[in-house]
């Protein structure tokens, strides 16, 4: 008998396979920041004082371009490497949840709000009559880490986890995770912008609790942007994820969801939001399909009877949107209309009911498959995983993600 030959892929092949799993916008940001740093290194450009976020220059000369240039430039090789390595898991997770266009808007939006918070705090503290600190107005900040801190807060909120690991050394409550990272970076690293990281955390919490709802467009706006002919080349890219195809494990704040979060500025809700930043005991033991063994934000499935609202939420969590429900409702209504005319034939009625059930099962499977393909998974692998999961999209996603990690 021939011996089993075990071959391992070479490092370039593994890197290529890993890079193929990074979605479109996340990889685009990494390439952009890396190319900018290399160009600055090759031409010897080190005048970061001209492009960093400088509150005094923004106020006195209205140099608002610094809001965005400061996020793309980095001061050293370790600076850009550390930021991009931190961006990869956060960007991959959020882009699969939100979609590529929504994530791009989120990054630009967070860069703006971070700078506004930074500017307000610097002006207030510098002009404090009791103990003014004017050096904050002349503090130069660069790097993508402010946006990364915002993404940490948002991803932690959407995942619903109760605890997070700090560098694999110890676990901390999820609500404290960003704050502990803020303190650790200040203690372990030099020349770290405390105010830049702090404003990133504040922007993340403000986004999570719905204070920016009226500034966030609804899904129809993102779909309209994706339909632009000028973006057709980007949309056809394998790593591009449509906003309608992202998973929605947590609630994404949008302008259309303000009906349920418009009272966030009231005194009672504001106190509940602030108090929720403190660590609390886990109230749910259900598992999130993306995070096996940890908490889930959508609530557990128990023996309680489901209300219509709970049923809709369950469908939403299982990646079924309104477009999936409409054909089912149409089929059901047409069956109910036909059945009274066929009361004289019980056999025909049972046959039609069985046919409708079969068609519904096929339609649901096809819709779930389309969802997985839109999320960036290969169609063949998605179909196999969905069949192995007996049509459960949550289990199928877990199988696909495990397969990618093993690959």
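Cβ atoms here come from the backbone N, Cα and C positions, even for glycine.
What TrEMBL says about a protein is an automatic prediction, not a curated fact.
From a predicted model like this one, the values you see are computed outputs, not experimental measurements.
Listed in TrEMBL for this protein:
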{"type": "TRANSMEM", "residues": "21-45", "note": "transmembrane segment"}
{"type": "TRANSMEM", "residues": "65-91", "note": "transmembrane segment"}
{"type": "TRANSMEM", "residues": "103-127", "note": "transmembrane segment"}
{"type": "TRANSMEM", "residues": "133-154", "note": "transmembrane segment"}
{"type": "TRANSMEM", "residues": "166-188", "note": "transmembrane segment"}
{"type": "TRANSMEM", "residues": "194-216", "note": "transmembrane segment"}
{"type": "REGION", "residues": "285-309", "note": "region 'Disordered'"}
{"type": "COMPBIAS", "residues": "298-308", "note": "compositional bias 'Polar residues'"}
{"type": "DOMAIN", "residues": "363-403", "note": "domain 'UBA'"}
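Within the same chain, residues 72-74, 77, 80, 83-84, 87-88, 91-92, 95-96, 100, 103-104, 107, 144, 234, 237, 239-241, 376, 404 sit at least 6 positions outside the transmembrane segment (21-45) and bring their C-beta atoms closer than 8 Å to a C-beta of that stretch. At the 8 Å Cβ threshold, with sequence separation of at least 6, the transmembrane segment (194-216) comes into contact with the transmembrane segment (103-127) through 3 or more pairs. Taken as a whole, the domain 'UBA' (363-403) shows an average pLDDT of 79 in this prediction. Under DSSP, the residues of the domain 'UBA' (363-403) split into helix, strand and coil as follows: 33 helix, 0 strand, 8 coil.
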